[in-house]
Every structure is written in C-alpha cells, then in structure tokens.
C-alpha cells in the first residue's frame, strides 16, 4: 500500500512545513507516503460565486489528473464521514491487506470541486469544524501516523 496526499497550494507557512515534515518523516517506516502539491488557482479580491466555482473546477481537474490508475480517491471535507482514530487504524489495516493504494485529496481555500466529490470512493471529515487547508495537512498526517502506530503497536497512541 502507498498513500499519496494530493493537496492544493504549494506555498505554506513555515509552521505548517515544520509540523507536517515531523509526522511525514515518522510515518515513512510504516507506509510509503508521498505529497503531491498542486497549484492553487489565482484568485482576485472580489471574486463572484461563478469565479469561485471556476477556481474549484480548475483545482479539481488538477487533482483528478494527478490520480494514478487503481488508486482509491478519498475526499477530505467537512461533510464527510467522521472516524475515530481506532476506526481509521482498522480502515488502514484493511487497505494494507487489500493492497490498495490511496489518494487523499485536500482542496484549496474554497473546497473541492463537484467532479472530485463524485470521483471519490468516500468522503472523510477530520472534524465538523471548518479548517484552513494548511492546518488540515498537519492534522491529516498526524492522524495517519497515529493510526499506523496503533497498527504497529508503537507507543505513540495512548488513548
């Protein structure tokens, strides 16, 4: 199994890079993980709803074009299914047993396009809270690492 994180936005603040890199390094011994940083559509100051929809479509095309054949696409969005850490660990164990490669899509500041939502095998919510997409990167990689630490009996998870 391989995990690829498809994320919109290439320039992140230093605190995001620091937090993400820490967990990214930790997870590698458990599962091969890759980050694909896709460009964010250029936005203006007073964008209309039609403009925002167009930006999401452009970013959605980037996400779909980055998918590899036979990858299971999972869309991260506030309206998705919530999982406990233990359920995530079980789900990841199942992916590994089935040999599934997984692509996790994080949208830009305006979310994911309808095309990405329709293409996704399932939708996952890290929280009912709306979060900035840079913060989602850190929360996602930490939860993936925590789930893998459970599956490998590593002492990181102490619930």
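Each Cβ is built from the backbone N, Cα and C atoms, and glycine gets one as well.
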S-adenosyl-L-methionine site partner of 76, 126, 127, 128, 129, 130, 131 (as recorded in Swiss-Prot), chosen from 60, 107, 108:
107
Can you tell me whether DSSP puts residue 76 (S-adenosyl-L-methionine binding site) in helix, strand or coil?
strand
Cβ neighbours of residue 128 (S-adenosyl-L-methionine binding site) where a neighbour is any other Cβ within 10 Å:
8
What residues, ordered by sequence, lie under 8 A Cβ-to-Cβ from residue 131 (S-adenosyl-L-methionine binding site) and sit at least six positions away in the same chain?
139
